[in-house]
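If you check Swiss-Prot, you get these features:
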BINDING   9, 10, 11, 12, 67, 124, 128, 132, 193, 194, 195  substrate binding site
BINDING   62, 63, 64, 65, 66, 67, 77, 78, 84, 106, 141, 142, 187, 197  FMN binding site
């Protein structure tokens, strides 16, 4: 039976959102919602869509995992030589989007992306499981590879080079980024597609302007 995509719809009605109900800090409001998503058992609650733009102005997006909120900025880790790494090198502005369907909520965040310190990258890398560390050496992320067997061969090579229980150094091409927010939108699903949308817009690195926008 063929599904008519135009007929697929869901009515949202479980919650509401108003400016009088939110916290003064968008980061603290985000922490509140994230904790509620975790408590609700949201699947991959820390998963976020990261959107970047390359030097030709072409956008790309992919799912990455939030690994921390440090000094009000959002931290993730990746291969610096990946497509996203190249995009960030040429255009440091990006956007994040978290979607928690269990709570009928999403959060959109815009800001500037910079690398975290090598020390912070080392600390996180050293906390990873052994096979994840090996994987960082094996994968030339976003580059063409001839076969799965080629990847498996590289796994064996690096497992022999860095046996389990030994120190696996962090590759220089692998590390963290942090997105410093300048804009947040908190979205709460409501009936008849008249959703609640509350914005925090940073003014001059000092003050957050808070207002409602139309659905």
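Backbone N, Cα and C define each Cβ position, glycine as well.
Features per Swiss-Prot, on structure.
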residue	record	Cβ contacts under 8 Å, 6 or more apart
9	substrate binding site	none
11	substrate binding site	191, 192
62	FMN binding site	49, 50, 84
64	FMN binding site	47, 48, 50, 76, 78, 84
67	substrate binding site	46, 75, 76, 77, 124, 176
128	substrate binding site	136
141	FMN binding site	78, 79, 81, 82, 83
193	substrate binding site	215
195	substrate binding site	12, 187, 188, 189, 215
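Secondary structure at residue 193 (substrate binding site), taken from DSSP and collapsed to helix, strand or coil, is helix.
Of all the Cβ atoms in the protein chains shown, 18 others lie within 10 Å of the Cβ of residue 66 (FMN binding site). Summarising the FMN site geometry, the residues cited as binding it (62, 63, 64, 65, 66, 67, 77, 78, 84, 106, 141, 142, 187, 197) extend over a maximum Cα to Cα distance of 36 Å. Between the farthest pair of Cα atoms in the substrate binding residues (9, 10, 11, 12, 67, 124, 128, 132, 193, 194, 195), the distance is 43 Å. Look at residue 187 (FMN binding site): DSSP puts it in a strand.
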